[in-house]
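What follows is one structure encoded as structure tokens, with my remarks underneath.
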Amino acid sequence: MRLCHVSYVCAALRVNGYPCKPAENVTADDFFYGGLASAADVYGGGNPMGSVVTVADVERLPGLNTLGVSMSRVDYAPWGGTNPPHSHQHATEILFVAEGTLQVGFVTTSGRHITRAVPKGGLFVFPRGMMHYERSVGEAPAVAISAFDSQLPGTQRLGEAMFGAAPGVPTDVLARALQTDGGVVESIRAKFQPK
């Protein structure tokens, strides 16, 4: 069960797609999540990106329902650990670099690439819906904490969306868009698991 708001008393009511929890059943655990405290294994499971995102959204923290906020922690391997191009269709993101240095960037709707290095203690904002990325550029692992103005920001990763969608964007469409041939598209597609 999820919370709607601490003062709600409801049984079958759903808000934002999540069932409410009767006020008398609300506990402190509905408002606690310890998942951002520990570093993730950026090398585990054959991870080709060298980064792991740990999310604290309404699906993991019921007390966020209707509050319009969430967070995540991203751990990066040194020298190139990358959170690949993605967007959040439901949220603006503000990223705080807690350890290391990140090269970050986003692409505007007019095709302009906005990028810079963000050192430990620095903040960077990614506007809602803009395709963006981060990558570690230092010899030490990096850690970033992101805050979102949505309880469920929604994340669409470029590679997965284009090459891992089921049944899949047609090969000839991707070949034309990327100005390459179908063999290259199929080679890239083989690296993504269909969703």
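Yeah, the Cβs are placed from backbone N, Cα and C, and that goes for glycine too.
Quantities reported herein were computed from a predicted structural model and do not represent experimental measurements.
On the 0 to 100 pLDDT scale, the domain 'Cupin type-1' (40-186) averages 95 in the predicted structure. Annotation source TrEMBL lists domain 'Cupin type-1' at 40-186.
Feature annotation from TrEMBL assigns oxalate binding site to Asn83, His88, Glu93.
Non-local neighbourhood of Glu93 (oxalate binding site): Val125, Phe126, His132, Ser146, Ala147, Phe148, Pro153, each in the same chain, at least six residues away, with C-beta under 8 Å from its C-beta. Annotation source TrEMBL lists Mn(2+) binding site at His86, His88, Glu93, His132.
When other Cβ atoms within 10 Å of the Cβ of His88 (oxalate binding site) are tallied across all protein chains shown, the result is 23.
Broken down by DSSP into helix, strand and coil, the domain 'Cupin type-1' (40-186) contains 25 helix, 57 strand, 65 coil. Of all Cβ atoms in the protein chains displayed, 26 besides its own lie within 10 Å of the Cβ of Asn83 (oxalate binding site).
Per-site Cβ counts within 10 Å over the binding-site residues His86, His132 peak at His132.
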